[in-house]
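S.K.: My structure is below; once you've seen it, I'll send some questions.
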Amino acid sequence: MILMTFEEAYRVMRGKLLSGDPAAQFRGVSIDSRQIKPGELFFAFPGQRVDGHQFVVEALGKGAAGAVVMRKVHRWPQDKALILVDDTLKAFQSLSRYHRRQFEIPVIGVTGSNGKTTTKDMIASVLAESGPTLKNSANFNNEIGLPLTIFHLSYSHKATVLEMAMRGRGEIAELCYIAQPTGAVITNIGPAHYELLGSLENIARAKGELLEAIPPTGFAVLNGEDQWCIRLASRCRGKVLFYGRGDNADIRALDVRPVTGEGMAFTVRVGTDKESMFIPVLGEHNVLNALAAVGVGYQLGMSLQAIARGLKKVRLSPMRLEKFKGINDTMIINDAYNANPASTKASLKVLQHLRKTRAIAVLGNMLELGPLAEQGHREVGETVADLGIDYLFTVGDLAEKIARGALERGMPEEKIRVCRDNQEAWQGLQQLLRPGDVVLIKGSRGMKMEEIADRLRAE
């Protein structure tokens, strides 16, 4: 965690110390006056709905050591540090970048259209076998969350794994400027955010900004089954490793097989080395995510045996194929954090594998697909029918096209329920569910389909 004098801080941020002792120190930073801890430096971010400057005095009352602001604060005590800057977000990012530069450790950036959070969790679990590893949690993968995570770096950490999200060109480059990654992982390139970027090529270029940030002494681990990742490889100045199931993969999975209800077993081959591995999460797509973690660990000098131990211990972030017991003695798979066509098809295969009696898919809108929306939703519906899923519930206007795709592929109409919202889907499920059913719940973040999952949880 950051420990610094106010003098050092305001010089890094190119600000002006309006009050307080320059030699005094703060420990940690905060952007939320409700959660601030004594001794932390509070950053007042302006906002359209909430302006952090309104809560500066409240933060002080809860023990803040000082504040960073864009305008003067009335009734501010002269013995408390107040730093004036032009832009609190840029100052926040500059200070985070400065803090990052104090550490000579591997910093791994992870991005991709699907699976980046799961892959981040797997990499962190692997690297934890070599020492304490910092990773960003929840949705701390943007211009605020990533620098906030970096502020938690301490000299006890041996590595850092940072998921990087984007909604446009230049955003990953900005995150890399702050994080200065030494290694990169790109899981795949798909139509997520197509509506915002206009083409798969533009999405690939935006994700590829991570590779451009890697120094010649660094490395990249890329999905060798994704043609866009292969095309992007030349943008990395460091060493490049490819992972996959094909003969040409540097990190290759062999003998992939599900372990009923528990996870996936497989053998990894790197050169002439082989090792049996297991991950406590289902889905062949998650074996690919695990191979990315193998590549990172191997490149950093870990043995395959140590990597296998780390993968076996992995615990995924919430709402990623999260299984729990539901009402009426059912099994619920809460995969509601986000969705696009590729990730939804992969989750449907997991549902098919876990089915005991009946498999029920509850699928919501997949957002930001732009002109690919109709085709993407219809293809998911076709997959539902092809896999023989017993019942389909759709939520939202776009998801109606999932229902249409399933119907046209031969799924009986009486097995399909088109719902306006989460409440209607919940009511329909209540009437339908019986012991032994397995229910998958998945949709884009904006659909908040965890509302359904939470109500289906057994007491």
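Every residue gets a Cβ built from N, Cα and C, even glycine.
Curation does not apply to TrEMBL; its annotations are automatic.
Not measured: the values here are computed from a predicted model.
Relevant sequence annotations retrieved from TrEMBL are reproduced here:
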BINDING   Gly112, Ser113, Asn114, Gly115, Lys116, Thr117, Thr118  ATP binding site
DOMAIN    26-73  domain 'Mur ligase N-terminal catalytic'
DOMAIN    110-296  domain 'Mur ligase central'
DOMAIN    319-445  domain 'Mur ligase C-terminal'
S.K.: Let me check the 10 A CB neighbour count of Asn114 (ATP binding site). How many other CB atoms are there?
M.R.: 25
S.K.: Using a 10 Å radius around its CB, how many other CB atoms surround Lys116 (ATP binding site)?
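M.R.: Excluding its own Cβ, the number within 10 Å is 23.
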S.K.: Are there any residues in the same chain, six or more apart in sequence, whose C-beta is under 8 angstroms from the C-beta of Gly115 (ATP binding site), and if so which?
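M.R.: Gly115 (ATP binding site) has long-range Cβ partners Thr187, Asn188, His285, Asn286, Leu288, Asn289, Ser343.
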S.K.: Can you check what DSSP calls Thr117 (ATP binding site), collapsed to helix, strand or coil?
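M.R.: In the DSSP reduction, Thr117 (ATP binding site) maps to helix.
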S.K.: So what's the average pLDDT for the domain 'Mur ligase N-terminal catalytic' (26-73)?
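M.R.: Mean pLDDT for the domain 'Mur ligase N-terminal catalytic' (26-73): 94.
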S.K.: Here the binding-site residues are Ser113, Thr117, Thr118; which one has the lowest number of other Cβ atoms no more than 10 Å from its Cβ?
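M.R.: Ser113, out of the binding-site residues Ser113, Thr117, Thr118, has the fewest neighbouring Cβ atoms within 10 Å.
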S.K.: Based on DSSP, tally up the residues of the domain 'Mur ligase C-terminal' (319-445) by helix, strand and coil.
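M.R.: Counting residues by DSSP class gives 58 helix, 30 strand, 39 coil.
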S.K.: By DSSP assignment, list the helix, strand and coil residue numbers for the domain 'Mur ligase N-terminal catalytic' (26-73), in that order.
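M.R.: Computed counts for the domain 'Mur ligase N-terminal catalytic' (26-73) are 10 helix, 11 strand, 27 coil.
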S.K.: Can you tell me how many other Cβ atoms are located within 10 Å of the Cβ belonging to Gly112 (ATP binding site)?
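M.R.: For Gly112 (ATP binding site), the count of other Cβ atoms within 10 Å is 26.
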S.K.: Near the ATP site, what residues other than Gly112, Ser113, Asn114, Gly115, Lys116, Thr117, Thr118 in the same chain have a C-beta no further than 8 Å from the centroid of the listed C-beta atoms?
M.R.: Val110, Thr119, Thr187, Asn188, Asn289, Ser343
